[in-house]
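What follows is one structure encoded as structure tokens, with my remarks underneath.
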């Protein structure tokens with residue numbers, strides 16, 4: 001039986017003129033403006049919280065990481081909406097509108113005096129030991145901040161899980177596979193350019209012009225983001241959602257639990273198959289049965305009453321092998337996916353503690369111009385962009401000659417390399433902080449937190465740059481892994497997993513700060529970082545990252561790639577493996593189903 005013809009979200013047949021690289025200007029314009037807006041207010045938000053709302057450093061850091069954690073969790077909601085009913089296009093458009101409202105709330109808070117506390121009563125001089133007298137933001141002012149941040153988090157939840165999969169949808173799976181994987185690198189490269197622009201322009205305006213314009217410019221960018229995306233509507237391939245994948249996973253769990261005492265036959269051919277039922281969610285081919293997690297196979301054992309006389313299955317009692325394997329695929333992915341959580345927790349300090357380090361160091365480029373502290377993140381972005389370019393143009397061709405794979409190295413190797421580089425990045429931060437603190441002690445500045453320590457801020461460049469290299473390797477590899485190894489009907493949900501890792505990573509960062517604060521009696525992480533021991537904190541994170549790398553290697557050793565089958569009656573299909581070899585599916589077996597390993 002031939003696979004169902006692809007359809008748009010409105011149910012109409014997909015037009016051949018739709019999709020391809022001609023849609024990229026609209027999709028990437030949307031994401032570039034979105035990432036510009038996000039980076040524009042997020043990169044320097046720690047400064048806004050501590051200097052405008054007068055929150056203590058540790059509290060502001062935790063508020064920021066909690067917000068980032070929440071913003072990274074909302075893509076789960078967006079993925080459910082996109083995969084279940086609304087489709088990716090309308091989920092992205094609606095998310096952009098919510099994000100716009102949140103940005104306008106931040107602009108209002110920055111402009112209206114009633115929505116922020118009064119300026120500090122007296123500024124501390126560079127040589128004064130006593131801090132200025134500052135009024136902390138009241139409950140109503142913080143409520144306005146929380147509401148605005150919540151709207152941006154919900155809006156981002158509609159955009160984040162859908163935009164990567166939506167862009168990949170424009171190329172299909174066969175043909176055009178190489179174009180699709182080029183899209184992933186193009187996507188992250190474009191996002192890096194947007195962040196670079198935000199860090200050089202918006203952060204400078206926030207520090208030197210005002211927070212009204214500092215938040216206003218990202219708000220304008222967000223409006224252009226939504227406008228440009230909607231303008232490309234006629235050109236897009238809009239894949240029709242096929243119902244909630246989470247409902248299907250729950251049905252498998254319920255059916256397996258009901259049959260927990262039923263024996264699973266040794267012959268997988270005796271399990272329940274229904275090609276017609278699975279056709280809308282298995283256009284690429286049905287997932288092949290695996291021997292792992294055999295307790296879930298009970299859901300595919302047919303017992304009395306599972307199938308009606310009409311042939312219609314009761315899906316809360318019995319599931320097809322393909323649907324069981326969908327759940328197995330997700331479960332197998334989780335251990336490797338979890339390895340990115342500690343990495344994100346380690347990187348979160350670049351937006352909090354590292355900015356406070358930079359604020360105490362010599363930031364002069366000329367006698368009259370200083371680099372804003374948050375602009376130091378530019379070195380992470382620059383190194384990420386350079387790494388992406390070198391990866392595609394230098395590393396892949398070189399590795400291809402050694403490995404024989406078209407991709408050079410696998411995305412598993414790419415993720416592992418990124419985890420290893422992140423260890424070096426945090427280690428560099430520990431060494432530089434020890435040097436900075438020693439210089440503060442040498443010049444008698446331990447009790448003068450507002451003073452400039454005579455150490456160049458460019459000593460922070462290695463830690464920022466190494467985190468950028470780590471991002472280019474691990475982040476892109478992670479997204480490729482999730483997109484490729486997830487069931488085809490769950491691509492938005494798999495992208496949501498990418499952002500959920502960010503959510504849990506930020507929450508882990510918050511928990512780690514809280515534990516360190518409690519265990520050290522508030523000594524390690526304090527408002528006066530000259531008296532604190534931030535270097536000890538960095539060494540602790542380094543140790544955790546080494547353990548995380550060992551965990552990743554162990555999980556990779558036991559991981560099994562998914563595979564799928566197609567019918568010979570469907571006609572020949574081409575599948576491109578990680579080795580770069582094109583395999584004709586109808587050549588694998590003369591008759592019957594053929595097996596295609598999914599090794600992109």
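Including glycine, each Cβ sits where the backbone N, Cα and C put it.
As written in TrEMBL, here are the features:
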type	residues	note
TRANSMEM	143-163	transmembrane segment
TRANSMEM	184-205	transmembrane segment
TRANSMEM	211-237	transmembrane segment
TRANSMEM	333-351	transmembrane segment
TRANSMEM	371-391	transmembrane segment
TRANSMEM	411-432	transmembrane segment
TRANSMEM	494-516	transmembrane segment
TRANSMEM	536-559	transmembrane segment
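With Cβ pairs under 8 Å as the measure, the transmembrane segment (536-559) is packed most heavily against 411-432, out of 184-205, 211-237, 411-432, 494-516.
Take the transmembrane segment (211-237) and the stretches 143-163, 184-205, 411-432, 494-516: counting Cβ pairs under 8 Å, 184-205 has the most. As a quick check, the transmembrane segment (143-163) and the transmembrane segment (411-432) miss the bar of 3 or more Cβ pairs under 8 A, pairs 6 or more apart, so the two do not touch. Only sequence-distant pairs (6 or more apart) were considered; of these, at least three Cβ pairs between the transmembrane segment (371-391) and the transmembrane segment (184-205) are under 8 A, so the stretches are in contact. Listed as Cβ neighbours of the transmembrane segment (184-205) (distance under 8 Å, sequence separation of 6 or more from its ends, same chain) are residues 24, 28, 31-41, 43-44, 164, 167-168, 213-214, 217-218, 372, 374-375, 377-378, 381-382, 384-385, 388-389, 391-392, 472, 475-476, 479-480, 483.
Among residues of the same chain six or more beyond the transmembrane segment (494-516), those with a C-beta under 8 A of the stretch's C-beta atoms are 58, 61-62, 65-66, 68-76, 78-79, 157, 160-162, 164-165, 333, 337-338, 340-349, 478-479, 482-483, 485-486, 524-525, 537, 540-541.
Beyond its flanks by at least six residues, the transmembrane segment (411-432) meets 336, 339-340, 343, 346-347, 349, 354, 357, 459-460, 462-467, 469-478, 480-481, 484, 535, 538-539, 541-542, 545-546, 548-549, 552-553, 556, 559 of its own chain at Cβ-Cβ distances under 8 Å.
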